[in-house]
Amino acid sequence: MPLEIVTVPCLSDNYAYLIHDADAGKTALVDAPEAAPIQSELDRRGWSLDQVWLTHHHWDHVDGLAALRDRYKPTVIGAEADAHRLPPLDLAVSEGDRFDLGGAPVEVLDVSGHTVGHIAFHLPTGKAVFTADSLMALGCGRLFEGTPDQMWASLSKLAALPDDTLVCSGHEYTQSNARFALSVDPDNAALKTRAAEIDQARAEGRPTVPSLLSLEKSTNPFLRAADPGIQSLLGMQGADPARVFAEIRARKDHF
């Protein structure tokens, strides 16, 4: 039976994710913005909580962990590089490490940029990657700690995953990201179609995530810094993609 992935809205615009392996009867949580909606979803489905995967240290991704830990006693997994500023970890992991959720392997990717020590969790058999505030729907996280070179390397790593991978990001920023993307790439037909679909989804109260990696690669300007068309629109033909990415990120910061 395939893994079940459930998007859980938290706080004002955060998302947590529950991953359930029905064959093994095991459930993991990606990030813990607040406990109440996560507990409610677990109760509604009759699931316990076996693992919590933390992507980075920001409060809006960890604030609900203490209550969840008290109730469920899960194994808490996070980045070894971030262990000094994360809640106490039961398992500290780094780039290239693997662990299992029931029968499903989980691969750890270093995606530093938004923070130094940010990690993503890739489920190759579940065809999903949990990116939090690194790669986002039509965007990427602001560079609070890392450099443009680091974030471009992280995004390039994520873009190399299979096209049918679901990108499970950490916030509902997609409408504003779409407006910015159209300012950078106004003639992209796929982007215009996607922006209209996003507006419709939000009007109906539906999440715009997860998104498909193939769609991100064709519409997300932060993944397209090496694209000659984007470079031409920015007046940066032939420039190093990391420099082009830095320019796109700077424009977004002031958009």
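Each Cβ is built from the backbone N, Cα and C atoms, and glycine gets one as well.
Cβ neighbour count for His114 (Zn(2+) 1 binding site): 27 (other Cβ atoms within 10 Å of its Cβ, all protein chains included). What Swiss-Prot lists as Zn(2+) 1 binding site is His56, His58, His114, Asp133.
Every protein chain considered, the tally of other Cβ atoms within 10 Å of the Cβ of His171 (Zn(2+) 2 binding site) stands at 21. Residues or ranges marked as Zn(2+) 2 binding site by Swiss-Prot: Asp60, His61, Asp133, His171.
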Which residues, sitting 6 or more apart from His61 (Zn(2+) 2 binding site) on the same chain, put a CB under 8 Å from its CB?
Asn14, Asp31, Ala32, Pro33, Leu54, Thr55, Ala132, Asp133, Gly170
DSSP secondary structure for Asp60 (Zn(2+) 2 binding site), reduced to helix/strand/coil, please.
helix
For the binding-site residues listed here (Asp60, Asp133), tell me which residue's CB has the most neighbouring CB atoms inside 10 Å.
Asp133
